[in-house]
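What Swiss-Prot annotates here:
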BINDING   13-20, 59-63, 117-120  GTP 1 binding site
BINDING   Asp201, Asp203, Asp205, Glu212  Ca(2+) 1 binding site
BINDING   Asp354, Asp356, Asp358, Glu365  Ca(2+) 2 binding site
DOMAIN    4-172  domain 'Miro 1'
DOMAIN    188-223  domain 'EF-hand 1'
DOMAIN    341-376  domain 'EF-hand 2'
DOMAIN    455-624  domain 'Miro 2'
TOPO_DOM  1-648  topological domain 'Cytoplasmic'
TOPO_DOM  666-686  topological domain 'Mitochondrial intermembrane'
TRANSMEM  649-665  transmembrane segment
Amino acid sequence: MPRRDLVRIVLVGDDGVGKSSIITSLIKEAFVTNVPHVVPEVTIPPEITPENFTTSIVDTSSNPRSRPHLLSSISRAHVICLVYSIADPSSFDRVAEYWLPLFRREGINVPVILVGNKIDLRGGRVTNQGLEDESAPIMREFKEVETVVECSALLPLNVSEVFYFAQKAVLHPTAPLYDSREHTLKPKCLEALKRIFTISDVDKDGLLNAHELNQFQQKCFSTPLQSQELDGILEIVRSYDPYAVQPLPSSSPNTPLSRDSSYGQLHYFNNNVVPPSPPQEGITELGFLYLHTMFIQQGRMETTWTVLRKFGYGESLDLREDFLAPKFDVPSDCSVELSPLGNQFLTDIFEAYDKDQDGALSQNELDDLFSTSPGNPWLSQGFPDTTITDDMGRVTLQGWLAQWSMTTLLNHRTTLNYLAYLGYSSSPATDLPTPTALHVTRPRKQDRRQRKVTRNVFLCYVLGATGSGKTSLLRSFVNRPFKGGEDGLGGYEPTTKVLSVVNSVEMEGVEKYLVLQEFGSKYESEILRNSKRLDMADIIIYVHDSSDTNSFSYISNLRQQYSLDHIPSIFVATKSDLDLAQQRHEVQPDVYCRRLGLQAPMAVSSRLGPLHNLWVAITRVALDPTSSLPRGPRSQMSPAQRIRVVARWGLAATTISAIVAVWMKWQGYSFKGIWGWMAKFAGLRT
C-alpha cells in the first residue's frame, strides 16, 4: 500500500466543547470570539507540511439534524479527534459511554485522538501521571485510541500539537506496531524488525557493531551516527539488559575511527597519532528490538516507521509490491543476466554465511541465508542437484553463482524478488534499486547478424527419444555420478517434469554458463509448439542412443513435425561404450547431419565420462550460432517469417501473371495463345 498523499482529520464531540474554536485557532493562530456552529472544511496544502501531504480538516455537529453529515464524515475519516471539555466532566464521560461505541457500531476503524479542550478553565494543576491515570481505562478498553492531548483554543495552547498527533496517527500509526494492552511489539512488527537486524548485521556475527550501526543510521536517516550517540545507545540497551550488549568476536571488522568524528567515516593521520577505536561491543537482536519498543512507548513511532519503510515495508508490514517486483522491461529476443553488482552481492552474501569458511554452504548455512525470505526458491526443482556441489552435496560458490545465473535467465522476476528479500537494496556495498543487479543483453538477432555474441548465459534444449540418455547428460554436466545398472541397464527413470541444470564452461579464460533443459515426453510437444518458448533457446541438442536402432527416427520425426531450423543445433550420439547399431532411418545420422550442413553427431558415453569436449563444443556453437544453423542462412528465419516470405512471393507471382495476361490480351492474344507464348518463352516447347 503506497504512502498517503492526503490526511483527512474529522473533529467530533458534544456541542459546546470547542471543536470549531480549535480549528479557527489553528488557522488564525489566535482565538476567535465569534465562530460558526460548524466551520467549513479546511484544506492545508502539501507545501506547508514537512512530509508533503495535503491535510483536510472537517468539523461536525452532534445535533441530531446533522447526524447524516456526522456519519458521512467519520466514514471517510483517516483519523478522528474526539474532543471533550475539561470544564464539563459529562463530556468526558460520554467519550466512553457514547462516542467510542458509536464508532464501533458504524464500523469505523481509524485511529482516535482524545482531545481535552479548555485547560485554561481547569482549577489546579494536573500532572502527566494524573492525566495518564485518568485516560488509561479508556485506552485499555478502546485500542483505537492512540493518545490523549490537552489544549486550549483560547490561549491558544497545544492547538498545533492536536493536529500534529492526528497526522502522525495516520502516517505513523501505533496499532500495526504495538499492542498497548500487552505492552509488546506485535508479531508482524517483531518479524520485520528481526529481518532488518539480520540484513543490517553485515558480517553475520549476531551483533550490530559501530560500523554497522552507522551504516544503518545513514541508510534510514541520511545522517552519520556520532560517537556520543553510539555510546548513549549502548548505555541505554545495557541498562535494559546487560546481555543485550556483547563483546565483538575477534574476527568482526570494526573499523577504527576518530572519536571526534562519526563512526563509519574513515580518517587518515600523518602525525603517528593512533585514534581511539570505537567500542569493541555490539548490540544483540534483543537490544535492537528493545530500542524500537522504547521509541514506540515514548511516542516516537515515526522512528520505527522510517526504518520499516526504508527496508521496503508498507502500511500492512508486508514488503511492498514495488519493492519486491520493480518495473523491469525486457525487449523481445533479449535475455537477462546478473550484472557485476549482482554477482558481487551474491558472492558477498555467500561468503558471509559460509561460517566455517570451507567454500561451501551446508544445509544449516543455507537455511540461515534464506531466513530473511520465504525460503529456498529452488526446493521443488531438485536443488542442489541442479548445480555444482562439493563431494558432500553442499553448494559451492561456483554452483551458487551458476544457480542464480540460471534463475535470472529463466525467470528474472524470481531473482528480483530474492535480491529484495536478501537485502540487496539495503547492502552497504550497493544501497541501490534491485534492477541494478541485473543486465539486459543485446538481441540474439543482432548478435547473429554481427557474428559477435556478447552474452554469458545460454539456454540449451535437450531433445531426444525416451531412454536416449538425456538425463544422464544433464547429470554428467553437473558432475553427478552415472545412475545406470550393469552394462548401462537397470538404472533408467523416465523424466516426468522439466529438468534444468547449470554449470560454467571456461572459454579462453572467460566463464560462460550453459543451462540445459530436458522436458520429458509430457511437456516436450507443448514447449515446441510455443513460439515464445522456442525463441528463448540458444541451442537445441538432439540426442539419440547410438545402440538403439529406433532412437534416431524420433529426432527426424520431431524435426519434420516442428519448425526448428532457425535454432542453432548440435547432434549427440550417446552410449558410445555400447555396440553401434544401424539406425532404422532412410539415411544414417552422419549423412543426415551433413545434408543439414552440420557436424556429424558427437559420440559420448555418460557412463565412461567426462564429457568436457562436448560442453566446449556446445559453448562454441553458442558463441558462433550462425555456424550451426541447419541448412544455412535461410534457416535463421522463424516459422512466422517463412510464412510471410512465401506469402510475399506468392503475391508477387500472382501480380506478375495478372499483368502479363492483361498485356497479352491487349496485344490481341487469346488465352490459349498466352499460355503457348509463356511456354515457348520458358523454353518448355519447341
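The backbone N, Cα and C atoms fix where each Cβ goes, glycine too.
Here the domain 'EF-hand 1' (188-223) is broken down by DSSP into helix, strand and coil counts: 25 helix, 1 strand, 10 coil. Within 8 Å of the centroid defined by the CB atoms of Asp354, Asp356, Asp358, Glu365, the record's Ca(2+) 2 site, lie the Cβ atoms of Tyr353, Lys355, Gln357, Gly359, Ala360, Leu361, Ser362, excluding the listed residues themselves. Taking each Cβ in turn and tallying the other Cβ atoms within 10 Å, the top scorer among the binding-site residues Thr60, Asn63 is Thr60. Residue pair Gly16 (GTP 1 binding site) / Glu365 (Ca(2+) 2 binding site) shows a Cα separation of 66 Å. According to DSSP, Thr60 (GTP 1 binding site) sits in a coil region rather than a helix or strand.
For Asp358 (Ca(2+) 2 binding site), the count of additional Cβ atoms within 10 Å of its Cβ stands at 13 [all protein chains shown]. Computed over the domain 'Miro 1' (4-172), the whole-number mean pLDDT of the model equals 93. A straight line from the CA of Asn63 (GTP 1 binding site) to the CA of Glu365 (Ca(2+) 2 binding site) spans 66 Å. Put simply, Asp358 is the one of the binding-site residues Lys19, Ile119, Asp358 whose Cα lies nearest to the Cα of Glu212 (Ca(2+) 1 binding site).
Checking each of the binding-site residues Ile119, Asp354, Asp358 against Asp205 (Ca(2+) 1 binding site) by C-alpha distance, the shortest gap belongs to Asp354. With Asp203 (Ca(2+) 1 binding site) as the anchor, the candidate binding-site residues are Gly13, Ile119, Asp354, Asp358, and the one with the nearest CA is Asp354.
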